[in-house]
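K.L.:
Supplied in structure tokens, the structure appears directly below.
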Amino acid sequence: MGIYSLIPPLIVILLAIKTKSSLIPLVAGTFVGFLMLAFIHVDPVTGNTTFGTQTITVTAKQIAEAGSKEKALEAATEAAAVYKFPNNFINGVYKILMLNEKGEGPNFNGTYYNSLLWVLIVCGLFGPFIQLMIASGGISAIGDKLITKLKNRKQSLLATYFLGFVFFVDDYLNALSVGATMRNVTDKFGVPREKIGYIIGAVCVPIAVLFPISTWTVYVGGLMKDGGGYSADAGEIDVFMATIPFSIYAWVAMLVALLYILKVIPDFGAFKTAQKRVDDGGSNAAPNSESLSIDIKEYVLPEKKSVWSFLVPMIVLVVATVYFDKDVYKGIMCALTVLIAQYWLLKVMPFSAILEQFEEGFKTMTFVLVVLIVTYLLKEVGDQMGLTKYVVGGIKAFPVQLLPLMIFLAIGAIAIATGSSWGVYAVVTPIVFALAKETGMNPMLGMGSLISAGVMGANICFYSDSRILTASSTESNMTAQAISQLPYVIITTVITAIVFLILGFTM
């Protein structure tokens with residue numbers, strides 16, 4: 001659909017800025033997208049776009065196969081009905097819930113990380129996991145220990161920054177765990193939730209593409225094997241490691257965040273306003289943060305709180321995730337099993353209370369899961385409209401020296417618009433290798449540009465899954481969090497673009 005494919009994501013972005021909300025803009029953009037798909041038709045031969053109700057026609061071959069023109073028209077009308085609204089919406093929901101990028105069904109051994117059903121289950125299980133650790137007093141106990149060691153805002157933010165390194169295996173694990181652990185610690189030092197959200201976001205996705213063992217490594221490495229002509233014996237991690245030096249955005253994002261913590265880069269814009277709000281006695285959280293809030297009261301008495309109620313489940317989570325080939329689903333299942341057994345056998349909580357908190361944990365994630373579903377629907381709209389193909393088609397017109405820069409900027413814009421870095425990777429990875437073969441561009445530089453584009457999208461997008469989970473774990477308004485850190489991610493983006501421009505002319 002060419003330029004028309006830009007309309008739904010533009011609606012989402014503009015409404016998000018206007019309403020400071022997340023769900024309503026996503027629903028509006030998705031709704032408009034499916035309506036457009038029902039009334040805008042592209043001729044497969046000429047590529048011409050037409051508006052209005054599609055005229056049903058049948059060929060002589062179809063009439064012969066059906067036995068009569070009436071039966072052929074009836075069959076063609078029935079086939080065309082799937083593209084009408086609301087049928088196309090219903091089919092879109094079924095597709096995102098039941099299929100992965102290759103059209104395959106969900107697989108719970110962790111093979112299909114792009115399946116929304118897998119994402120919903122993993123995120124849903126993190127709700128009870130965090131709920132139980134907070135209710136047990138484990139998270140506040142570790143926070144109390146940190147508070148005795150930390151002396152000021154800078155140290156609390158440094159602790160948040162480096163804690164993100166511990167959870168390198170997965171960005172979901174990182175965003176949820178670090179936010180839940182550190183938000184009360186940074187609150188005590190007068191740090192606005194927008195700031196801790198920025199620090200977590202600047203680490204959770206970048207660290208996953210810079211460490212050779214992570215869910216991102218396995219996923220992108222697998223795409224590279226399929227699209228780059230590697231042998232079947234090549235390991236995903238080995239294939240991916242060659243891109244790490246070229247994942248420029250990830251390196252720069254972590255550097256800029258560290259420089260901000262060290263006050264080399266000062267507060268300005270919304271961060272300065274947020275800090276004044278807290279300093280004047282206001283809330284650490286931005287206004288309208290209640291929808292993503294995880295409001296959990298501790299179940300145990302203060303004297304029974306133990307850091308082991310936090311450390312044991314977290315260690316099991318990280319170790320099990322790594323052991324089961326970076327499968328966070330298996331990791332969280334193991335961690336929950338150990339957590340329940342630990343709390344029950346050591347009498348941290350009675351079993352009835354554990355079950356009650358487990359149920360409440362799922363409820364806390366309801367809004368997050370709804371936003372994730374609508375985000376994937378928006379991506380489905382973009383796929384059906386040919387958004388990625390439209391943007392990639394424009395990239396090919398540029399000289400080879402500019403390709404790394406254009407891949408980063410153009411594909412990054414798609415990742416921002418759709419909120420789906422992994423979906424973009426699945427579509428564009430084979431195209432990057434084809435461009436490299438056709439133009440002589442360094443394929444690893446091209447892949448570094450693509451990976452950087454996805455990380456930038458996750459950082460900037462108001463409704464990316466990492467944004468949703470970071471806002472949830474820090475109990476912060478998602479849109480306010482995204483807007484407040486825009487100056488810092490823009491600095492990161494500009495530096496990254498300059499580096500890719502230089503590399504394009506020197507490699």
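Even glycines carry a Cβ here, placed using N, Cα and C.
All annotation found in TrEMBL is predicted automatically rather than curated by experts.
What TrEMBL records for 23-42, 116-135, 156-176, 196-219, 239-262, 307-324, 331-355, 361-379, 400-425, 445-465, 486-505 is transmembrane segment. Per TrEMBL, the feature domain 'Na+/H+ antiporter NhaC-like C-terminal' maps to 208-505.
Have a look at these and tell me how they're positioned relative to everything else.
P.N.:
Within the same chain, residues 113-114, 157, 160-161, 164-165, 167-171, 174-175, 178-179, 182-183, 186, 236-237, 240-241, 244, 247, 249-251, 253-254, 256-257, 260-261, 271, 322, 325-328, 421-422, 425, 451, 455, 458-459, 466-467, 470-471, 473-474, 476, 481, 484-485, 488 sit at least 6 positions outside the transmembrane segment (196-219) and bring their C-beta atoms closer than 8 Å to a C-beta of that stretch.
The average per-residue pLDDT of the prediction over the domain 'Na+/H+ antiporter NhaC-like C-terminal' (208-505) is 85, rounded to a whole number.
Listed by sequence, the residues of this chain that lie at least six past the ends of the transmembrane segment (307-324) yet keep a Cβ under 8 A from its Cβ atoms are 110, 129, 133, 136-139, 141-142, 145, 166-167, 169-170, 173, 177, 181, 213, 330-332, 334-336, 338-339, 342-343, 348.
Long-range contacts of the transmembrane segment (331-355) within its own chain (CB-CB distance under 8 A, at least 6 residues past either end) are made by residues 122, 125-126, 128-129, 132-133, 135-136, 169-170, 173, 299-300, 304, 306, 308-309, 312-314, 316-318, 320-322, 324.
Counting same-chain residues at least six beyond the ends of the transmembrane segment (445-465), those with a Cβ under 8 angstroms from any Cβ of the stretch are 12-13, 16, 22, 25-26, 119, 123, 171-172, 201-202, 205-206, 209, 220, 224, 243, 245-250, 253, 371-372, 375, 403-405, 407-412, 414-422, 424-425, 428-429, 432-433, 435-436, 478-479, 482-483, 486, 489, 492-493, 496, 500, 503-504, 507.
Beyond the ends of the transmembrane segment (486-505), by six or more residues, the same chain brings 198, 202, 246, 248-249, 252-253, 256-257, 260, 265, 268-271, 400-405, 408-409, 412, 445, 449, 452, 456, 459-460 to within a C-beta distance below 8 angstroms of the stretch.
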K.L.:
Any residues 6+ beyond the ends of the transmembrane segment (239-262) with a Cβ under 8 Å from its own?
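P.N.:
Same-chain contacts beyond the ends: 154, 157-158, 161, 198-199, 202-203, 205-207, 209-210, 212, 217-218, 220-221, 224-225, 228, 230, 408, 444-445, 447-449, 451-453, 455-456, 459, 488-489, 491-493, 495-496, 499-500, 503.
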K.L.:
Other than its close neighbours in sequence, what residues sit by the transmembrane segment (400-425), given a CB gap under 8 Å and a spacing of at least six beyond its ends?
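P.N.:
Residues 6, 9-10, 12-13, 101, 113-114, 205, 219-220, 223, 248-249, 375-376, 378-379, 382-383, 387-388, 391-392, 394, 432, 435, 439-441, 445-446, 448-458, 460-461, 463-465, 467, 493, 496-497, 500-501, 503-505 contact the transmembrane segment (400-425) from elsewhere in the chain.
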